[in-house]
Every structure is written in structure tokens, then in C-alpha cells.
Amino acid sequence: MATIVPSVSWPGACWTLLVCCLLTPGAQGQEFLLRVEPQNPVFPVGGSLLVNCSTDCPSSKKIILETSLSKELVDNGTGWAAFQLSDVTGNSRILCSGYCNGSQITGFSDITVYSLPERVELAPLPSWQPVGQNLTLRCQVEGGSPRTSLTVVLLRREEELSRQPAVGEPAEVTATVPTSRKDHGAHFSCRTELDMKPQGLGVFWNTSAPRQLRTFALPVTPPRLVAPRFLEVEKSSPVNCILDGLFPASEARVYLALGDQMLNVTVTNHGDRLTATATARADQEGAREIVCIVILGGERLEARENLTVFSFLGPILNLSDLSAPEGSIVTVSCMAGARVQVTLDGVATAAPGQPAQLQLNATESDDGRSFFCSATLEVDGEFLYRNSSVQLRVLYGPKIDRATCPQHLKWKDKTRHVLQCQARGNPYPQLRCLKEGSNREVPVGIPFFVNVTHNGIYQCQASSSRGKYTLLVVMDIEAPNSPSVPVVLAVLVIVGVVTVVVALMYVFREHKRSGRYHVRQESTSLPLTSMQPTEAMGEEPSRAE
């Protein structure tokens, strides 16, 4: 009985041994087999294989292995031999042969090798792919066998887009797919599948490096540029550039420029809207152009607006004295730039660039008076306006308005009243009302309780740094039991008449010798004078003053 070499093993696989043989008649009609192990093996290309040839024929002395592959006898014995095959790069059939009782016996086995592709590569994708346009994917495959079992699959993420056999060397597989916004940022790849399941193995995969796709969409309309038509020298003004319908707005690049000056841009986006904001500033007069450029997907959209940089000096409005004393002369002047027309209190100058001026004698009524100066500048057919104002302060002494401060007040005892007196002046005066003889002060403009002790004459005095002004106010407080007004008046009349009569009698007695008397017309107290003797003789008398 021949010794059988154990089954050949290969890293990662275990091969099942089958026997294929030719029969040779032996003694008493017995037939003997020549076995080749492993039978029909499958293993990776370039590997090695230990082959065992054996028979049960007792007369078989030598067994050989016929193959074009590189071989080496490992060991042998009666009825068997073992060979090492190395660097198996292709499919091959090996044949074992020997002699039994003078007759040749043979056995064979088919060797199948497989290999994974050496290169699986997805062609580079466009830097940017317009949304809605078809994208062509190309995958190249080099190597891989058996080709009949090799398939190429094109993928978007894990989604299978196309499945095709690998044909040719190298094999190239293409597929065309539409693109959308959802494809932005998606990874595409290709994968080879070597199906060795019919040979008792599995499916071997080999995947290319993924490539990322970026899609974009641009609107039909250009950006909307919001910028001023005019910009004053050394003044700042915001500039906005807005574009709707941009995808993906977050990856767009925006440039804003004023002439050849690049502006610092702040970009914000919300959905498909992009807004770029910058601040424009110029140091010299002249015509400029503001440009907004939006770049996405290698394409650009732009907007342009004209801008004029101008210089507008004025109006400069001055008073010769902001706080002028009453009665002084005040000069009001207004001036502006060379091309600016000024108007002072409604009166325009004869030509642009000329100053305007007026003078006045400051009075109390001018206190708080405002003077207005307007300036007009024409820029590219447009009129620009500016205004300035200044207020005059006239310093005048304190005064009390008699119309608002009654000089005779008649109030009842034990009642509440308000002394309504108002003073004016600049600076604003302090107003106090003090009773003559006692300096008793009563509040002004504030309710207070009145009694008979308030009877009397009060000096209401307004005072400031510009002087003093005094007004007398009489307070007549009527007690609850005091006689009525007609009675009081009657008593006063009687007392007055008695006084006059007594005075006349006294004068009559003192001048009784003269015999003639007359009354001086210009005196309201009706004094009496006596005539001198010369007057009786026709001479004009002299009057005592």
C-alpha cells in the first residue's frame, strides 16, 4: 500500500482533495489507480503548491510529474512521489504518470489561479459640477483574473450606479448620471468584485479611493449693489452686495473694490442669499467705480456702480458774541467752501464761495433768537444741502411784568391764595417779596395761608448780576367782623372833610388882615395864599414854591 502525502494547504484556504485516475488491470483482474492531490486546486497567482502523486500498485517503482511549471521533487517512495510547484502565475494542467505491472498509469489535475486587480482608480471629478448637468464617471481597472469573474461597480456613497464586466486591459467602465444639490459633498468611487464562489471561495472586493463632488448653481441675474452715488472726502459710507439664488452660498468668494482699492468685506449667508458688507472711504475728490464680484464654481458674477467723491466744507456759522449785552452790536457771519452757495436767514450771497454777513443791535427780544445758514453744493447735476444754526444770548437786567403781578390784592382772612408774580431777565433773576418794615417774606407762585397779619405793602424785588427791579404790592386782608366797604369809605370821607375844614379855618385866621385869598390851581392839596398889597394896586404877585 502506497503512502499518501497529507492534503496541500495554502494560506487563507483549505483545499479538498479529489482523485482522477486511469485504471490498470492487476493480478487476478485487479485495477490500480494513480491519484493526483490536490485535485483541481484554486489559489492566488504567484503562489506555491505541493502536489502528491500516489498509487496502490505494489509494482510501481517510479512516479513522475509532467508540467511546464517550475517543480522540485520533495520526496518519494514505493507507489508515491511529492513535488513542490512554485511561482504559479497562470492556469495549468499537471500530469502524474508511472508503470504498474508493465503498463503505464496516469492521473491529472487542473490548476486555477486568481488575482485581484493591481489598480482600481476613479478618474478625477470636475472641480465644480453645475447642478442639473450630467456627470460622467470613469473607472480604470488594471489586472485581475479570471476576467470572466471580474465585475466593475460605480458607486455614489453606498448607492450602486452602474455594474459592468471588466473588458480589455486595462478595462475602462463609464457611467453618466444627473447631478443635483444633494450631490454636493457626495463621495463617488468604483469597486471591483471577483466572484470565486463557484470555485468554493468567496467574492473578493477591491475599491478605489473616493472622490468628492462639489455642485453649484448660479442665478441668472447679477448681484445687487447698494452703494451711495456720492461720497464725501474722508467720510465713510456702507456698501452692500446682495445675491439671491446662489448655491452653496457659504462657499462663494466675494470681492468689493472702490476703484483700485480693495475693501474689507464681511460676508453672511442665509439659505441661498449672500450678503457682503464693506465700508467705503476716499481721501481725494473725483469719479470712482464700485465693483462687486462673486465667484463660485469657477464662474463669476459682477455688478458695477459709479460714485463721485466730493468735498463739502461748511456752512460755518459764527456770532461775534454768543452772549451779548443788551444794546451792543452783534455780527452774524456764514461761510463755506469755494463752490458752495450760502444763504443766511433767507438771504443768499451773490455767488458761490462768498460769505454772508448781517449786524443787529441786541435787544431783549433778540434773546434766544436763532440764526440759520444753509449751504448748497452741486455735484454731477445733483444739489446737496447742509444747514447750520446758532442761538444768540442777550444779557439784560431783571424786570417784573406788571400784567402778571397785580399791585393791589384784596383777600379774606384765613383763606389760601397764590401770589402770581413773574420776573424775567438774562441771567434769570431771583424774585422775592418782602413786607415793608418787617422783611416778612411771602412765597411767590406757591399757595399759602393768608391771615390779617399779611396786611401791608410788599416790595417784590427781582435781582440778578445785571441789577435789580422792585415793584410794590399792597395786600388788603379783610377780617371776618370788619365793616363793609361802603361804611369804611364813608368814614374816610368824613374824616377827610373835617380835616380840610379845620385847615381852612386856620389859614383864614392867620391871614385875616389881607382881606383877599385865592387857590393855587396847580396844587392837588388845594393850599391857600394871601394877596399882597401890591397885587391890589395892579402888580403881579410872586408865588411860593
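Cβ atoms are placed via backbone N, Cα and C, with glycine included.
Feature list (source: TrEMBL):
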- 522-533: compositional bias 'Polar residues' (COMPBIAS)
- 38-114: domain 'Immunoglobulin' (DOMAIN)
- 319-395: domain 'Immunoglobulin' (DOMAIN)
- 406-475: domain 'Immunoglobulin' (DOMAIN)
- 164-184: region 'Disordered' (REGION)
- 519-545: region 'Disordered' (REGION)
- 487-508: transmembrane segment (TRANSMEM)
Over the domain 'Immunoglobulin' (319-395), what does the predicted model average in pLDDT?
93
The domain 'Immunoglobulin' (319-395) - residue tally per DSSP class, helix then strand then coil:
3 helix, 46 strand, 28 coil
DSSP-assigned states of the domain 'Immunoglobulin' (38-114) in counts, ordered helix, strand, coil:
0 helix, 54 strand, 23 coil
